[in-house]
Amino acid sequence: MQNNTTKSVKNNNVIELIDIVKQFDEKLVLDNVNLNIKRGEFVTLLGPSGSGKTTILRLIGGFEWATRGEIKFNGVDIKDLSPHKRNLSTIFQDYALFPHLNVEGNIMYGLKLKRVPKENVKKEHKNLLERKIKVWTEKAQREMKNLDKLQEEYENELKVLKPGTYKHQKRQTWLDDSDFKYSYWESYVLQKTEEFKNKYFKRKLTKEEIDQTVDKIVNLVGLQNNKNKKITELSGGMKQRVALARSLIIEPEILLLDEPLSALDAKIREKMQVFLKQIQQELKLTFIFVTHDQDEALELSDRIAVIREGKIEQYDTPKQIYDYPRNIWVAKFIGNSNIFNAKFLKDSKVELLNKEFKTIHDEDEFAVDEEVDALIRPEDIDIVNQTQNTEHKIKGKIVESIYRGSYYYIKVELKDSNYIFVETAKNFAVDETVYLSWTIDSIHLMKKDPKWDYAKKDF
């Protein structure tokens, strides 16, 4: 246990998910998910409805139990701990505010349960804790050895027992649940120590301390003029601030946010996005944020985990995911895209749209003559004059032009019946003939995705 903790601190990982599997009855919701989150990061779990992103959040928060795998918090497996024993807080989609309490009452609620260190701890209690830790450690080690023996014994029995028999099922069930048995004893000493300290080393907050803490957090989130208001009198944005204040006031290591901005209108949502990022950076907290909104994820996150059907397709910075998606699914899910079937050629070239183009890729990534997917983002395409000296111009005809405020989104038909989309500040008339061009680093090549339905074409 000590080694795991040391490794986690060294890596600065506050959360580590290791081979997490989650099943609801016979349905596999999470399939061997591995994820590490560093202390102070803003990490977004991004995916469509039903992808498993909220399930991951609920597992970290303790609202669901993993079927298999480990959930490590500062190096200790906590998957069997209840939510109140984890040093984190959660903001739900519906805010879960108490309607019978005013703003101040909602915010201070958690402080009534909070404990802070006593100024003076009796020496006899310190000595008693040292003796207790020794006893608890010996007990945990003894129980872990017993688990090791049982696991080896049951695994050997399964080799000879007939599948489907009562004894086989019983042994298999024990082995399937063994992660939780090990997890309990791995964190046993820490949990007993925390219980002891809460009783003898800590005290409740005084009324003066509570009032001071509430005033501080109220000012931080901009609610100083709304302390005495009823929850029913607040706008959606103000309710969001109350939920945030209530979560932050207990000083958690991690804040979990389950699509907290989805119910807000566009303008308030944009303001709250900026506000959340400012708060996170100011307090240097770890935020784990769930959303299906790609723009929101790109704007807020230090790293994004893109989730598809219970698996993490890509985990990286917003720039890396947008510019260098791992496959066609990620490319289409994140932002607008033009994706074409292509063939990788020698000398870092690609055959695309019946022409050869230079790329930044090499033969360490793809085999010569390998079929690949080629991505070109609409904003990376230039519309040029026929006479302009640009290598490998593509000729096309504009079939649609949509004004989107700061740019026009143009659909161009190519001679081989392909279509390509372009973002440009200049408008062009429908049926106008144009020439398209792009730079060498605008073409991003990806391995073919075995799970993608290429016949469907659309996302």
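Any Cβ shown, glycine's included, is placed from N, Cα and C.
As given in Swiss-Prot:
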{"type": "DOMAIN", "residues": "15-334", "note": "domain 'ABC transporter'"}
{"type": "BINDING", "residues": "Gly47, Pro48, Ser49, Gly50, Ser51, Gly52, Lys53, Thr54", "note": "ATP binding site"}
{"type": "REGION", "residues": "115-203", "note": "region 'Insert'"}
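Location within the structure of each feature annotated in Swiss-Prot.
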residue	record	Cβ contacts under 8 Å, 6 or more apart
Gly47	ATP binding site	Lys53, His292, Val306, Ile307, Arg308, Phe333
Pro48	ATP binding site	His292, Arg308, Phe333
Ser49	ATP binding site	His292
Gly50	ATP binding site	none
Ser51	ATP binding site	Ile307, Arg308, Glu309, Gly310
Gly52	ATP binding site	Lys22, Val29, Leu30, Val33, Ile307, Glu309, Gly310, Lys311
Thr54	ATP binding site	Leu45, Asp258, Glu259, Val290
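For Lys53 (ATP binding site), other Cβ atoms within 10 Å of its Cβ number 27. Within 8 A of the CB centroid of the ATP site residues Gly47, Pro48, Ser49, Gly50, Ser51, Gly52, Lys53, Thr54, the other residues of that chain are Thr55, His292, Ile307.
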